[in-house]
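What TrEMBL says about this one:
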- R64, E126: substrate binding site (BINDING)
- E126, D153: Mg(2+) binding site (BINDING)
- 3-221: domain 'HpcH/HpaI aldolase/citrate lyase' (DOMAIN)
Amino acid sequence: MRRSMLFIPGNNPSMIQNSPFLGADSIILDLEDAVSLDEKDSARCLVRNALLSLDFNGCEKVVRINSISSGFGYDDIDAIARIKPDAFLIPKATEDDIEEIDSLISTIEREEGFKLGCIKLIPLIETAFGVEDVFNIIKSSKRIVAVLLGAEDLTADMGIKRTKEGEEIFYARSRIASVCAALKVDAIDTPFTDVNDFEGLRKDAEKAKLIGMSGKAAINPRQIDVINEVFSPSFDDINWAKRVIEAYEKAKMEGKGVFALDGKMVDAPILLRAKNIIEKAKAIGLIKG
Ligand SMILES: CC(=O)SCCNC(=O)CCNC(=O)[C@H](O)C(C)(C)COP(=O)(O)OP(=O)(O)OC[C@H]1O[C@@H](n2cnc3c(N)ncnc32)[C@H](O)[C@@H]1OP(=O)(O)O
Ligand SMILES: O=C([O-])CC(=O)C(=O)O
Ligand SMILES: [Mg+2]
């Protein structure tokens, strides 16, 4: 489950130390934009030591490396892949970068005796070209398990304003959600940058969920509860899903493929939606069995 993915600056030891107990599903230790140029080497060292020594309490451990073109990316991959993070987040991802990084990681996995393919990739889609090419980017490596939308860089690349309402990213969100559903990987929404506006955060997360995104990045621990709540099935959802499944079983015995529940039609796609809710609730531990 990747409902919430918390960014943590890779040069901040106290934030890193507390991170496993904040309730995020994934922790993204950042070596890219949250770290200034003169701290790139020390942050890499700190993140490496943290991954070696801290118990991450079951959180997914993701490291955002610097891009290959920045000159820091090769050192990031070499230092971090050898201690087996769960995944790398690849900024301003292109097909060429992903193919090259996939091959570099394969070499390290062989050298270190790791299972081939154990280190996953999450491309950060944050250029107009990346949005248009997202299908091919995901197809370029079997390691890809999710895609993250980076709206700050995307809107900068497009030369447009970033707003709280987010109309300017509706297309990018929708395209990423649709392609990710087609290729069966998670679609993770961009962070909401006003860390004191929880109503705004909730609305923004709900917008992303409505069009099919499965989780959202956070930049502050106080954002995690809201994000987890929005991307978990509610108790009403779960009760509805149970009733649909029960009613469907009964209807099937009576030889019916379609019937009405509370005045609304239920047929195969509605059953599928109900089953998806139950699966998600089980994965999160909201229901057992
Ligand atoms: C566009 C992009 O690239 S996004 C990705 C890169 N950006 C980042 O990683 C930013 C990460 N977030 C932060 O640095 C900070 O949360 C800021 C700058 C946004 C806000 O800072 P503040 O207003 O000082 O945060 P706040 O007052 O809520 O901090 C409360 C506590 O949470 C901690 N905290 C804040 N952010 C984080 C975080 N991302 N991870 C872990 N702990 C954090 C603080 O250290 C503080 O701890 P303390 O009480 O022990 O001192
Ligand atoms: O990774 C993210 O979600 C944030 C980011 O880099 C961006 O918006 O440019
Ligand atoms: Mg960015």
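Every residue gets a Cβ built from N, Cα and C, even glycine.
Automatic, uncurated: that is what TrEMBL annotation is.
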Same-chain residues at least 6 apart in sequence whose Cβ lies under 8 Å from E126 (substrate binding site):
P91, K92, L149, G150, A151, E152, D153, L154, D157
Check E126 (substrate binding site) against DSSP and tell me helix, strand or coil, would you?
coil
Might you list, by sequence position, any residue in that chain lying six or more from R64 (substrate binding site) with a Cβ less than 8 Å away from its Cβ?
F7, G10, I28, L29, D30, L31, E32, F88, L89, P91, L124
D153 (Mg(2+) binding site) falls, by three-state DSSP, under helix
Just checking: which of the binding-site residues R64, E126, D153 have a C-beta under 6 Å from ligand 3?
E126, D153
